[in-house]
Amino acid sequence: MIKQRTLKNIIRATGVGLHSGEKVYLTLKPAPVDTGIVFRRIDLDPVVDIPARAENVGETTMSTTLVKGDVKVDTVEHLLSAMAGLGIDNAYVELSAPEVPIMDGSAGPFVFLIQSAGLQEQEACKRFIRIKREVAVEEDDKRAVFLPFDGFKVSFEIDFDHPVFRGRTQTASIDFSSTSFVKEVSRARTFGFMRDIEFLRSHNLALGGSVDNAIVVDENRVLNEDGLRYEDEFVKHKILDAIGDLYLLGNSLIGEFRGFKSGHALNNRLLRALLEQKDAWEVVTFEDAMSAPISYVRPIAAV
């Protein structure tokens with residue numbers, strides 16, 4: 001059978017919060033079967049746990065934020081994208097601050113951490129959510145859709161009228177049965193416009209943002225000396241974000257997601273619309289891994 005997965009070992013990292021600019025201590029820990037991904041604010045007394053579920057999303061302005069009462073965890077999407085890409089079902093994410101560290105602005109460092117900790121299969125069936133019919137949400141000219149698909153596919157289109165984007169690929173469609181999340185998506189960094197960063201900083205946001213953890217674009221060009229990691233890094237980062245946002249369903253998806261100018265808010269609206277329409281999806285497991293439309297990298301020993 002396709003089994004649930006957790007981490008083999010505990011692993012720690014330190015980074016800065018994108019918005020606070022302050023140091024954050026991150027610890028990833030194994031968790032029992034059926035726990036899911038749980039964010040844990042260990043700087044609070046008592047400690048507060050917030051499960052990574054669509055219904056716990058409270059803010060979506062600049063990132064996806066989980067909220068429980070007056071406690072929050074910002075910027076969960078890149079870490080969740082890494083968890084989804086490596087098929088991690090159960091883990092505790094301990095944080096010393098209200099924000100996941102931004103690292104280099106991609107999911108790459110989180111993939112490295114998880115692979116360094118090692119993957120541990122557990123004695124329980126992995127559950128998938130299979131899309132049975134189309135579910136769509138729209139807002140102005142933005143659109144997000146789930147469609148049936150025998151596998152996991154993410155298609156995205158961005159539309160920026162800006163010199164850096166003109167003539168550059170603004171669409172991408174990735175079928176993960178034939179494309180590696182780790183190689184082709186995980187290293188795509190978040191991006192921002194210099195004018196927006198200046199505005200955000202004046203409101204005490206993006207205080208930790210820099211060319212070390214984002215692609216920064218001015219009126220005419222990319223300011224990062226090393227340029228882009230992928231020719232289509234901008235749209236691939238939107239795919240990375242979407243994968244993280246979709247993992248708030250609590251299970252891996254069998255289906256296709258299509259986004260046109262979608263962001264964290266619309267992605268979350270789509271999840272909630274899907275969960276409300278119980279005839280649009282079903283939970284499935286696979287006793288025979290060969291019959292499954294999705295496969296994951298084999299667990300590797302911790303190094």
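For all residues, glycine too, the Cβ spot is worked out from N, Cα and C.
Among HIS78, HIS162, only HIS78 appears in Swiss-Prot as part of the Zn(2+) site alongside HIS237, ASP241. Taking all protein chains in view, 32 other C-beta atoms sit within 10 angstroms of the C-beta of HIS78 (Zn(2+) binding site).
Neighbour counts of Cβ atoms within 10 Å were compared across the recorded positions HIS237, HIS264; the minimum falls on HIS264.
The record gives HIS78, HIS237, ASP241 for Zn(2+). Within 8 Å of the mean position of their Cβ atoms, the other Cβ atoms in that chain belong to GLU77, SER81, GLY105, SER106, ALA107, ALA188, ARG189, THR190, LYS238, ILE239, LEU240, GLY244.
Recorded residues HIS237 (Zn(2+) binding site) and HIS264 (active site, proton donor) have their alpha carbons 12 Å apart, per Cα-Cα distance.
Secondary structure at ASP241 (Zn(2+) binding site), taken from DSSP and collapsed to helix, strand or coil, is helix.
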